[in-house]
Each structure stands twice: as C-alpha cells, then as structure tokens.
Amino acid sequence: MSRSQNEEFQQWWNKQRDRNNHDVLYAGDDEAFLTVEIRTPATVDPDKDRIRTRTVRQLSRLYLLKFKQLASSFLWIGNSFLYLVRTANRRIANDNPPSVSSSARLYRLIKGFLVVVVLLLCFELAAYFKGWHFTPPSVASAEVAVEVVYAWWLEIRASYLAPPLQSLTNVCIVLFLIQSVDRLVLVLGCFWIKLRRIKPVASMEYPTKLVGEGVRLEDYPMVIVQIPMCNEKEVYQQSIGAVCMLDWPRERMLVQVLDDSSELDVQQLIKAEVQKWQQRGVRIVYRHRLIRTGYKAGNLKAAMNCEYVKDYEFVAIFDADFQPPADFLKKTVPHFKGNEELALVQTRWAFVNKDENLLTRLQNINLSFHFEVEQQVNGVFINFFGFNGTAGVWRIKALEDCGGWLERTTVEDMDIAVRAHLCGWKFIYLNDVKCLCELPESYEAYKKQQYRWHSGPMQLFRLCFFDILRSKVSAAKKANMIFLFFLLRKLILPFYSFTLFCVILPLTMFFPEANLPSWVVCYIPGIMSILNIIPAPRSFPFIVPYLLFENTMSVTKFGAMISGLFKFDSSYEWVVTKKLGRSSEADLVAYAESGSLVESTTIQRSSSDSGLTELSKLGAAKKAGKTKRNRLYRTEIALAFILLAASVRSLLSAQGIHFYFLLFQGITFVIVGLDLIGEQVS
C-alpha cells in the first residue's frame, strides 16, 4: 500500500529540520498557508578559534609551570628532610655529655619522665588494639593476666592519680588566667598611652649647637659615660666610636672604657682604640682590673670608686655592643632638670640583626613587647621598672643613696633598680630614644642569656624580700613589687608555662580522668601571642612559631628559676653573651673609604677609625679562635619524645586540638634540641 504524498512530505520535512536547527516554521492566521523560513547556519568566526586555541595553550603552559613548582617544592622538602637527618646524625655523634649542674639534674628528671611515658604508651597501645577502649574491663570481669593488670591500672588511675593531677591542673589554669589578665591590662595601658599621647616631657631642651642660643657651657652637666666589656673583640670598636661621637661638650664628658678582658690581644686592641680617640681630643680613659671579682657589678663598682667621680652628676652606661645616637645625652639629661626625685632615664633598644634568622625574629617579638608595653606602662603609671643594665642614665647621687653596685646576684641592674625604688627614687622610660644593639644569633648564647636573666631575679627576691617589707614605701608599692614584679612575672610565668604545657598536658593524655580544656591549650595562648606581637606587627607571620618557641624556652626559664630560688651553683655563673659585630666591619671599610667620621643625630651604625690594619688583626684573631659548632640539647630532645608519645596517645582518644598541639610542640622541641633554630655553623 503506497504512502500518501502528505506522509512523504512530512518525512522530508523532518529530515530538513534535523539538519538545520535554525529553520523556523510559522503558522499564519490563514490555515491554508504555511510559511517556511530557512536560515543558513551562522558562519564560524576564525578569530574565535584562534582565541580559544591561544587560551588552551596558555592554560597548558600555566599548568606545566604549576607542576614544575610543585615538583621543585617536593624536591626542596625532600632535600631539607635529608639535610635535617644528616645534621641530626652529625650532632648526635659529636655530642658531649653535659656537666653535673642543675641542667643535668633537670635532664635526669625528664629522662625518667620519658621512660614512664613510653611505658604508659605501650600499655595504652596494647589496650587499644585489644578493644578495651570501648568497654574497659573491671577487676571482677577480667580473665587474662594482662587484662587484670590493666583493670587494676584503671582503678588506681581513676581513684588515686587523676584527682591530684586535676587539682594541679586547676591551680595552673588559675595562674595562667591571672597572668593573662595581667598581660591584657598592660596592653590596655599601652593603648591608653598611645591614645592620649602620654610621654615624659623635659622641662628644657638643648639646642642643636653645643654653645649659643642662650645656652652656656656651664648649662651642660658633668656626665661620665661607662662602657663595661669583657673579651668582646667583635664589637668594641663600634661602641667606643659611637660613645665618643656623642653630641656633648668634651669638657663636660668623660668616657670610661672598663675592660675586664682576660685575653691579652683583646686588651691591646681596646687600649689602642682608646689612645686613638685620646689623640682626637676626646676625654677617654682605659681601666683594666687585675682581679675580676663581681663580674659586671664589680667592674662598675670599681669605676665608681675613682676619686674624680665626685665631680660628676650623671653616669650613662652602655654595654659593649650598644651604639647610642649622637643626641642621646641631649634627649635624656634634660629630664633630670627640675626633677630632683628622678634617679634613672631608661631608653629603648633597637636591633641591628633582628631579621638575621628565625631566632632573632622571635627575640625581637619578646623584646618589642617588653619595651613598648611593659617598660612604658610601668614608667608612666608607677615610675618604676627594672633597669635594663644599659642604654640608661643614672643620677650618681641616687646610686650612692641606695648603696651602689652590689655583687650578690647576676642581675645587678635589677638589684640596684629595686633598692633605688625602695629609697623613694623615680624612673622615666623614653620609648622614642633608641640605641642600636645586637641580639644573640645562636641558640646557645640565647639560652645562657635567658638562664641568667631568670635565675638572677629569684636570687634577688630571696635576698630583698624582707627589705621590701621593712621599707618606707607605700603598701601599694610593696604589693606591686612582691606580687606583680617578682612573683607573677618572674616566678609564676615560667612555672606554669613549663608545668602546664610540658608536664600536665602530656600526662592528661595518659590520665584521661584529668581534663585540660581546649581553650587553655589553644585559644587563650593564641590570643596572648597576638597581644605580644602587636608591638612588632611585621612579625605576625611568625605567631605560631613564636607560641611554640616560647613553650620550648619555658624549660630553660623554669630550670633557671628553680636554680635561683634554691641557690644552686649554676645560678651564680656569669656568661658574657656572645656578639658577632654585625655592624662593625662594614662601617670600618666605609670609614676607610670616606676618610672622615660621620656625625648624625639619627640611629645609625657607627665605628671608630682604627684602620684596616686593626681589622686584619681582628680577622686573624677570629680565625685563630676556638672552632664553633652547634650543640645537641638532650633535655629538649627528651621532652620532644615525651610530647610526641603523648600526641600518639591523644590520637587514640580522638582529641584533635590536643593532638595537633602536642605534635607541633614536639617537633619544635626536636628542632630546638638539634640546634636548628639559630646560627648554623658548618
């Protein structure tokens, strides 16, 4: 049966419609007619293909570049890991056992703690794989010997061990909160000072020119400038040069170079430097003690016993690595005018090597907070703070009134500040006057410095506690000095930092009945770290390393605090902080090229004109010196294994925040223990 013509037309029409989707069929009002509009396919723009092709080519190149970067990153990580492994092996092989001291005692204690933690971890791992973490066995239902032992352990742990641990945890949390509130109050005080633009204002100002404009030579007080030093051949030139270029009448200033060096070549270099400045007309004297008793305090005390000191009114003190600006005395001495109760004007430190390595960056965070917040707030609101030992000007009458320099502790600067405050003297801190200095670049030097800074205050607190109670100052000042200055900021801070994060936290992983909240482990410390970094905003990328490193340093600070409190022999050791003279050699060459000294009122790196011959001698002395090497710190390594073992236990308990904190804190202890954080000596 043949199809009708309409059916054939319909099939043809459907084929045409499928070929060209742009064909449109219009039905008019008149049903007898159909209008068909056939549109030709749109022509392809050749530029679009070219653009599409170019885009694909660019994407392929971009992905290839990303792949190469990713591959190089993995290669760098692999090489870094291999380097760390080789470095660790080398330092373990070359390690020398520590001497018998308080640090060795602490190491033995931590080593025993590590053995206990490892045994507990093995026990918990066995229990975990047995499935006892789902249904802990009881003594009555236990069948196997191991199960019986574990059941007994659970009962002893819950009944006898966890309660005292929880009590200690609660005490440390309270101390932690008190210290956090103190830190917050200091920051708010600093904000208030900035908001109200509060700062000490001198009653007079010295003109740019020394004499003239209504100022006579007699208007400049007599000032002694002291530079105590000991075997610091890397930095003696820059400190002597900077002090000799102070903008002050030469007839009204005397520079004392107080050299306690035991090395003969260093003595000769310093003596030659002094003679050259004498030839330039500077009133400068060289003093060397044959009997070096009392360390820095004994050195300063001997210098103040000179007969000519009675003719002077003020004394400025600079350590060997400090370079004061030329207008230092013009900005500090005027504050004494008309303020007879003022004993000390302290200025801020600025660091020439703060970006040298990770260790110096982290130190810069701490010291920026110390000067910007602690010293400034205490200076504005209570006129008392700890003297920093350098970059300050003392009224000689105040030094004599409080008994002068004493050799009873390793923090003679804090000692004399406390005694002066108890005698009724006031202090001023100038945050806008800065002196360049160096930060220790090696972990060994920094560790020794921190040990001295934290053992000395405990010695001093033990010695002057009853003097504080018997003093005639107000009860509020006594309370501030005992509870805030000594107990909270010098004793409680290192105690709870070490106990809470290095002892209690890993123990709570093995004693789950004792709870340490997550906000104590992570959130509050994070907020406190942010507050600490505010004075150094460029250091915000280092907030996590800073938090972890501060917990690591709590071991050293805790050991130093215990040593000073209980009169261990190590608390009386004085070790001069090693300097590298980062700013001396380059400036010496610059001077040799220019042929003249540059005087400036801005902070700059300056040195004396001792000549390139002396520089070559200095370089030869450096090469002939003792070979330096990085050390292995066993206490930190042992604590690293404790924290890493606790992180494994927290992983079994599915405690996320605790696990990550313990893991990264343990890795930080490994890095510090292998001495990988500071200067690396190949």
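Glycine residues also receive a Cβ, built from the backbone N, Cα and C atoms like all the rest.
Segment annotation: Swiss-Prot labels transmembrane segment over residues 516-536 (candidates 411-431, 516-536). Spatially, by CA atoms, the recorded positions D260, D319, D321 include one closest to D413 (active site), and that is D319. Cβ neighbour count within 10 Å across all protein chains ranks D321 highest among the recorded positions D260, D319, D321, D413. At the 8 Å Cβ cutoff, the transmembrane segment (657-677) and the transmembrane segment (109-129) share fewer than 3 close pairs (sequence separation 6 or more) and do not count as touching. The distance from the Cα of D321 (substrate binding site) to the Cα of D260 (active site) comes to 15 Å. Stretch with the most C-beta contacts under 8 angstroms to the transmembrane segment (632-651), considering only 109-129, 173-193, 491-511: 109-129. Here the CA atom of D319 (substrate binding site) lies 12 Å from the CA atom of D260 (active site). Secondary structure from DSSP puts D319 (substrate binding site) in coil.
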